[in-house]
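Contents: one structure, followed by commentary.
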Amino acid sequence: MNKTLLRKMAVNLSRCLLCVAMLVLVGCAKTPSSSGDSTLTQSDEKSQPATEAGSKSDPGTTEASDKQKSAAKATPAQVEPPAKPTVDVAKFMEDALEGRTEAIEQAIDAGADINVRDEEQRTALMLAGFNGHTATVKLLLEQGANVGDRDSMGRTALMFAATGDNAATCKSLLDAGADVNATDTGEGFTALMHAASEGQLEVVNLLLEHKADKGRRDIDGDTAKSFAEKNGHSEVVRALSK
């Protein structure tokens, strides 16, 4: 093999090596670098906290938390009931005595104790009955007033009513179950004795119709008739003499 041929072969070999080297360089330039991949991965990873943040503010968890807070706020121990309206007992009694039926009704609606007593153990029913306020008496009875209650001297609402010209009031009390022959604890007086002593003929007749005992005596031995005689109530005496 001559020298000329050898040089040609050497040149061709050099060219081949050069081409290979260039191909390698070109290939490296076109292939994404590992650092580029890392950048994309890091970029993707940086976007993850938004997802994590989303998991922290999970709607279900937030809703449950809100419900717990709401339940805590609505705990009965923390919610004070509305204040119960107060009722002026003295005014309630005065209204009964004066027959202010509307005021009595308002007091009852506000929570007044229908059977509350004053310092002498008198009830609103007794005071209303004393002045013959039939409408007020009926209201009190309808609302549950105790017709058989007694004051500090053992007097009933019927006894109070029987002292005046209050036949209609006495009838309401009798219809509600008042004991026509009840006696007080001090003197042994009955409603009939009170009516006879005051000369209340209509009331006397009403009580007699309801089986009042005209022969009943007080602690001194007096009867309804003797009281009428002492006080000069002749018509009552005649009614009690039948």
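Heads up, residue numbers simply count up from 1 along the chain you see.
A Cβ is built for glycine as well, from the same backbone N, Cα and C atoms used for every other residue.
According to TrEMBL, the features are:
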| type | residues | note |
| --- | --- | --- |
| SIGNAL | 1-29 | signal peptide |
| REGION | 32-87 | region 'Disordered' |
| COMPBIAS | 32-42 | compositional bias 'Polar residues' |
| REPEAT | 120-152 | repeat 'ANK' |
| REPEAT | 153-185 | repeat 'ANK' |
| REPEAT | 187-219 | repeat 'ANK' |
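Across the range of the repeat 'ANK' (153-185), the DSSP-based residue counts are 15 helix, 0 strand, 18 coil.
Across the range of the repeat 'ANK' (187-219), the DSSP-based residue counts are 16 helix, 0 strand, 17 coil.
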